[in-house]
Amino acid sequence: MTALQNDTFLRALRRQPTEYTPLWLMRQAGRYLPEYNATRARAGSFLGLAKNPAYATEVTLQPLDRYPLDAAILFSDILTVPDAMGLGLSFAQGEGPRFAHPLRTEADVAKLAVPDMASLQYVFDAVSEIRKALVQDGRQRVPLIGFSGSPWTLACYMVEGGGSDDFRTVKAMMYARPDLMHRILDINATAVSAYLNAQIEAGAQAVMVFDTWGGALADGMYQAFSLAYMRKVLQGLKREHDGQQIPVIVFTKGGGIWLEEIAGIGPDAIGLDWTVNLAKARRRTEGRVALQGNIDPTVLFASESAIREQVRGVLDSYASAGGSDGHVFNLGHGISQFTPPENVSVLVDEVHNHSRKLRAGQVAAAV
């Protein structure tokens with residue numbers, strides 16, 4: 001196994017001491033970077049980019065070449081799994097993802113099956129290629145994160161046929177035919193576990209489950225239709241590979257009211273959106289998990305001084321509840337395509353500098 005030059009991200013997920021707070025950004029390889037847009041133009045389409053391991057490797061490394069980030073995340077899409085199930089994924093310009101064959105009837109659901117992981121080999125090849133490309137002077141620069149959508153979030157797209165403002169189609173099925181929804185979610189959970197395990201086998205050193213639409217569910221429905229199936233995913237995961245622990249991060253956007261229950265399904269870390277107070281979240285989870293987050297992504301449209309002030313606020317909030325260890329800095333959701341790249345430099349600089357000062361006792365956490 002190649003040694004890591006920088007393992008702060010993995011140590012933070014294990015709640016071990018780090019010299020500073022590590023960070024990475026959701027969608028860090030994306031449309032806000034001109035170099036990403038140039039590569040995407042060469043690929044011809046988003047799917048042409050995501051399904052080509054060489055292109056996926058190139059764009060995964062682009063933010064690391066621009067910023068001193070502490071982790072890389074596989075460039076892919078959460079909808080690769082339902083695409084492999086035969087739902088016919090496409091991306092229309094300006095419209096987002098669409099499925100040609102959404103799950104609308106009992107017959108549709110009856111035909112659904114866990115896909116052959118060989119049909120997703122392009123993802124696993126990308127993981128392997130990225131791991132190799134991260135090696136510099138005989139050591140790997142930073143760890144690589146693999147990921148998947150949660151069973152519920154995948155089901156939202158699979159039933160709606162694309163994105164939605166109100167999820168009325170998938171929710172109507174959930175309320176009217178819970179048996180069909182449970183079948184979809186059970187298949188999705190099995191598929192997600194297998195998909196993440198294959199990423200781990202290919203070289204992912206941590207994995208994240210994106211429950212982007214869990215927060216759209218009512219209390220009670222969340223536990224039954226999202227959390228229960230993320231628990232099943234985690235129960236099926238390899239938590240160790242090649243002699244190394246594989247940390248697992250779970251992120252439910254809008255899930256702040258359920259932190260204790262999310263911690264109860266056994267992740268190593270919980271991702272938080274910007275509506276959650278970090279100090280309170282830390283007290284509520286009683287140090288059982290690391291926390292990841294959680295600055296509002298739109299802060300990156302503000303002035304340099306405002307960005308630095310907001311970064312310090314996030315770091316101070318976490319540190320005020322018992323020191324800085326066990327925190328991975330991130331945005332509360334994905335970075336906007338309109339973000340000025342130079343503002344990301346300011347954020348990264350302030351995270352590293354202020355968190356070092358907190359640990360050295362040069363500044364006190366403002367409460």
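Glycine is treated like the rest: Cβ placed from N, Cα and C.
Feature list (source: Swiss-Prot):
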BINDING   Arg27, Gln28, Ala29, Gly30, Arg31, Asp77, Tyr157, Thr212, His333  substrate binding site
SITE      Asp77  site 'Transition state stabilizer'
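The Cβ of Arg27 (substrate binding site) lies under 8 Å from the Cβ of Gly334, Ile335, each of these being in the same chain and 6 or more residues away along the sequence. A Cα-Cα distance of 12 Å separates Tyr157 (substrate binding site) from Asp77 (site 'Transition state stabilizer'). Between the alpha carbons (Cα) of Asp77 (site 'Transition state stabilizer') and His333 (substrate binding site) lies a span of roughly 15 Å.
Within the same chain, residues at least 6 positions away in sequence whose Cβ sits under 8 Å from that of Arg31 (substrate binding site) are Asn37, Arg40, Gln337. A simple way to gauge crowding: the CB of Asp77 (site 'Transition state stabilizer') has 18 other CB atoms within 10 angstroms, across all the protein chains here. Long-range Cβ proximity for Ala29 (substrate binding site), meaning a same-chain Cβ under 8 A and a gap of 6 or more residues, is found for Tyr36, Val59, Thr60, Gln62, Pro63, Ile73, Phe75. When the Cα positions of Arg27, Gln28, Ala29, Gly30, Arg31, Asp77, Tyr157, Thr212, His333 are compared pair by pair, the longest gap among these substrate-binding residues is 23 Å. Listed in sequence order, the residues of the same chain lying 6 or more apart from His333 (substrate binding site) and placing their CB within less than 8 Å of its CB are Met26, Lys253, Asp273, Trp274, Pro297.
A helical conformation is recorded for Tyr157 (substrate binding site) in the three-state DSSP classification. Around the Cβ of Tyr157 (substrate binding site), a 10 Å sphere holds 26 further Cβ atoms from the protein chains shown.
Following the DSSP three-state reduction, the secondary structure of Ala29 (substrate binding site) is coil.
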